[in-house]
Amino acid sequence: MGYSKKKYRTGSLAGFTISVGIGFLIYFILNNIHVASNWLDYNTIVANAGHNLLYKFIWYIMNFTEAQFYAGFFASLGIIVGGFIAWRLDVKNSTLRGFDISYGSNLWPWVLASQLLSLFIAIFILNYTRFFDIGDYTWLPTFITVVGIPPAIMLLYGPNIKALFTGSILGGIMGFPVAFWINNNIIPVLEVPGVVSNVFTMAITGILVCAICKALPWMERVPANSLNRPKESQEQILENMKKPSWFVRRVFADFTEAQFYANEIAGLFLIIGVCLDWILNVNHGAYASGAIPAIILSQFIGSAIGIFLYFDKYVEKGWYATFVPVVSVGPACVLMFGANVKVAVIAGALGGIIGPPLAEYFCDKLPKGYHPTIGNVTSMGVTTIVVSIIIKVLPWF
């Protein structure tokens, strides 16, 4: 794509200001709501998810937004419903469809199916939630499959049953044990946020499953059905990207990149859902930490800074990993160092600066046949370690 680097060096300043303003607005509104009720209390869910089918199902749904550190029931329903709406609008070629869901591949139903199936294997068939009953655990990394290799395999191999079951079974079996071991044996020694174990698990299992799939004789790539929509000219695309509205939409889309939806409608429904979770019971989402307002603020700041600074990469490549701090550095540091504005701003800003180019670096090193998510999650782990160390040595923390 031909363009002037100087002209498109940074994103819309108005879009940046609006996005950060939305983050602060949500923070201050939610921070003034403190309803502690019995509605899906997190500790009650943990106490029963190991043996009670209803609570297993609730944990199953909540896992869809673990990546954002929400782990909320309505947040998870929101991202699924929003994803469905965005997909239907995409198929109908509606002008309201927003960014092409699942990167314009028309694979969203297959992505969702892989998430539902692999998570079902982990929670209901292998019963990994039993560790709630036999150990002193208040959280378990069963969600790995939702944002890990199963949906990545669908995007890599296309719409076919063989890829769906192969990726989902391998991901459902491997994700939890690896994350569980790293979380118990490595993270306490390093004294870094627990998200590091999750994202490195995604990288490790991603490499293993991609290698296995390349060796399996039945794994063949099937092209996705084209949506056959008219292409915009380069001038139209660039003119649209300069608008504040594009910037804000891109920030909302970043909230659903981890699930491979990458759509602002799904992002909007996700944020509405997590706000509803908080309003109903502050002890439901984010592991009853009371940190949801600060987590959301850190995410808006991290995404907005990344999009603003690396806008030229969006112009050049069409996509850039500005979502990295949204599902790693920002929320992880808020939980580790405190749910306040200072931590949210510093962690979000540093994550937005460091995470995206690091993801680009790791993705460029991947061999052919390995999904870029491996590079992205590796960046999340490294960036989180670096930022947590920086915050530890800063005198005002």
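Backbone N, Cα and C define each Cβ position, glycine as well.
The shown structure was predicted, so the numbers you read here are calculated from the model rather than taken from an experiment.
Per TrEMBL, the features are as follows:
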- 12-30: transmembrane segment (TRANSMEM)
- 69-87: transmembrane segment (TRANSMEM)
- 107-126: transmembrane segment (TRANSMEM)
- 138-157: transmembrane segment (TRANSMEM)
- 164-183: transmembrane segment (TRANSMEM)
- 195-216: transmembrane segment (TRANSMEM)
- 260-280: transmembrane segment (TRANSMEM)
- 286-311: transmembrane segment (TRANSMEM)
- 343-362: transmembrane segment (TRANSMEM)
- 374-394: transmembrane segment (TRANSMEM)
What residues elsewhere in the chain lie close to the transmembrane segment (374-394), defined as a C-beta under 8 angstroms and at least 6 residues from its ends? 148, 190, 192-193, 195-196, 199-200, 202-203, 206-207, 210, 321, 323-325, 327-329, 332-333, 336-337, 343, 346-347, 350-351, 354-356, 358-366
Any residues 6+ beyond the ends of the transmembrane segment (195-216) with a Cβ under 8 Å from its own? 69, 141, 144, 147-149, 152-153, 156-157, 163, 166-167, 170-171, 174-175, 178-179, 182-183, 186-187, 328, 331-332, 369-371, 373-374, 377-378, 380-381, 384-385
Close approaches to the transmembrane segment (260-280) from elsewhere in its chain (Cβ under 8 angstroms; 6 or more beyond its ends): 26, 30, 33, 35, 37, 39-40, 65, 68, 70, 72-79, 81-83, 85-86, 89, 97-103, 108, 111, 147, 151-152, 155, 249-254, 292-293, 296, 373
